[in-house]
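S.K.: Below are the structure tokens for one structure; questions will follow.
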Amino acid sequence: MKRLKKYIRHNLHFFISAIFCAILALSLDMFNPKIVELIVDRVIIKNNMELLPRLLLFMTLITFSRVILGYFKEYFMDLGGSRLAYELRVDLFEHLQKLPFSFFDGINTGELMSRIKEDIDNVWFTFGFGLVFFIEQLFYFLIASVILFSINWKLTLIVLTLIPFIGYIAYKLERENDEVYGEISDQGVRLNTTAQEDIAGIRVVKSFGREKYEIERFFEENKKNFELNVKQAKIFAKYFPWMDFLTNISIALAITLGGLWVIGDKMSVGTLVAYSGYVSMIVWPVRLGGWIVNMLAQCVASLKKIERLFRERPEKDFIGERIEVKGIRGEVLFKNVSFKYKDEYVLKNITFHIKPGKTLAIMGLTGSGKTTIVNLLGRFYEPWEGEILIDGMDIRKIDLKTLRENIAYVPQDVFLFSDTVRENIKLGKELDEKIIEKALKDAKALQFVRNLPEGLETIIGERGLGLSGGQKQRLTIARALARVLIGSAKILVLDDVTSALDMETELYIQKALEEYNLTKIIIAHRVSAVKNADEIIVLEKGEIVERGTHEELLSLKGRYYETYQEQYGKYVFMEEEPV
Ligand SMILES: Nc1ncnc2c1ncn2[C@@H]1O[C@H](COP(=O)(O)OP(=O)(O)OP(=O)(O)O)[C@@H](O)[C@H]1O
């Protein structure tokens, strides 16, 4: 994996330092059984007490050095692994920001969260611990084996006959565990998603009395989670006692056979004690072998999933030859634009022209394609046919940043970040106090913001919890107006924003907007929101079925006229409107 190599290269010095410390530390470990051998053979059996202080000093030095080396090993290992995971997570998050809407249409949040969190955690764990641990265990096994053979190769050969059995059980355990682990991981995503959906939609849950259903749904997922954990515990219970049994047997075998060698005077007691110490050193790497292999396999699986995300194509900044844009006037032209999300056309042959400073209103039943039109204008999706021009420039040739900065968009779905009101208006832009106040005033939000406990500095909950629907909507309008006020946006898109506002507030905002020299696209269901537009188009199943000014459309006596009558009553016609 090319990308991984980059992160390893950046942190290679940490990994090499950690491996160096680990090898040095384990080399020191190899002296311990030898010292014990000397204590038994020379100090205890031969009663050579003078040697004891030196051996104990040596042992203390080894232990002390081991602590220092252990500290640095952990430090470098953790630093390398954490930095690698940090860089990978930042890159992945940056990449996700560049992906088009179409990518997010096809993936659920829980799945994406587990890529960003759990899969990167797997990589972090492997590089921050597993890899060095693997190398360490490998060296323990190799060095201890050489020492064992050099002490008594015949005994070692006998003891080693048990090792493949331990290895086999470790392998079986990890294979079965791996399967369950995969299920636990997928199940964890479902459990998270269930909880997340319930909490995010708690208002709907409560108002529809869905608590019992939600509890049952969560209970089901939690039960599955519990059952999988029990299944995993059973696997451990099935294999661990056998591994312990064989481990103990191999040590007992070494001691028993070694004892015979001792009785036959072919080995000293101290050597036997040392020998059994080295046997433990080769048994543990084998016992942990399956776990290590599994951990590496999980890391590879996580890396593959992450790589799949990296392979998703980002939005194209521009298509064809880039046009250098110097100030936009706000002329918008849709020329025979058609679009489909999947197989079916959602927009067919849409053509309209808005001169700078003029207003286009879009009406139509739900699902008729209104939002899709503005999605195409912001290049959140690309048209299948036709072209869209701003000031005569094909928008595909305008880089995304410039294009989107020129469109102040108030979406249908209100989204506020859990942050202060000020930050929700600024959204990363530098805005002075006057601009924020003016934007709030024109969105009829200044008064209620001032009445909040800490005014602009009040932190609003996730998605604006604690505010009314209309208040949230007004903040999103203020956010867009602020962009217009700093001169960055020349086109304002209001996607069904007035539905959450009362008539008085709607009229106030309409009036305030009159003084802005802006091209406006207003999507609305209420006639009151569109009647002053320079052109109104009425959509039906993705096609424009009527177009004209308010008066022209009324005289057509078609869809618009019907809507008008439904909203104002059949007795009113063309004269004074009861606005
Ligand atoms: N991301 C998407 N993937 C697939 N189909 C979509 C997607 N977004 C919208 N659609 C479909 O495209 C059609 C037009 O949707 P659109 O949101 O543009 O309608 P709308 O007129 O704005 O509706 P409303 O008034 O309810 O907001 C609908 O049939 C909708 O189901």
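Using N, Cα and C of the backbone, Cβ positions are placed for all residues, glycine too.
Keep in mind the model is a prediction, meaning the values are calculated, not measured.
Sharing the feature lines straight out of TrEMBL:
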| type | residues | note |
| --- | --- | --- |
| DOMAIN | 18-298 | domain 'ABC transmembrane type-1' |
| DOMAIN | 332-566 | domain 'ABC transporter' |
| TRANSMEM | 12-31 | transmembrane segment |
| TRANSMEM | 51-72 | transmembrane segment |
| TRANSMEM | 123-149 | transmembrane segment |
| TRANSMEM | 155-171 | transmembrane segment |
| TRANSMEM | 245-264 | transmembrane segment |
| TRANSMEM | 284-303 | transmembrane segment |
S.K.: Taking the transmembrane segment (155-171) as reference, which of 12-31, 123-149, 245-264 has the most Cβ pairs under 8 angstroms?
M.R.: 245-264
S.K.: Taking the transmembrane segment (284-303) as reference, which of 12-31, 51-72, 123-149, 245-264 has the most Cβ pairs under 8 angstroms?
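M.R.: Ranking 12-31, 51-72, 123-149, 245-264 by Cβ pairs under 8 Å to the transmembrane segment (284-303) puts 123-149 first.
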S.K.: State the residues, same chain only, that lie 6 or more residues beyond the ends of the transmembrane segment (123-149) and have a CB under 8 A from a CB inside it; answer 'none' if no residue qualifies.
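M.R.: Those are 8, 11, 15, 18-19, 22-23, 26-27, 29-30, 73, 77-78, 80-82, 84-85, 88, 155-156, 159-160, 275, 278-279, 281-282, 284-286, 288-289, 292, 295-296, 298-299, 302-303, 306, in sequence order.
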S.K.: Could you pull the average pLDDT for the domain 'ABC transporter' (332-566)?
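M.R.: Residues in the domain 'ABC transporter' (332-566) carry a mean pLDDT of 89 in this prediction.
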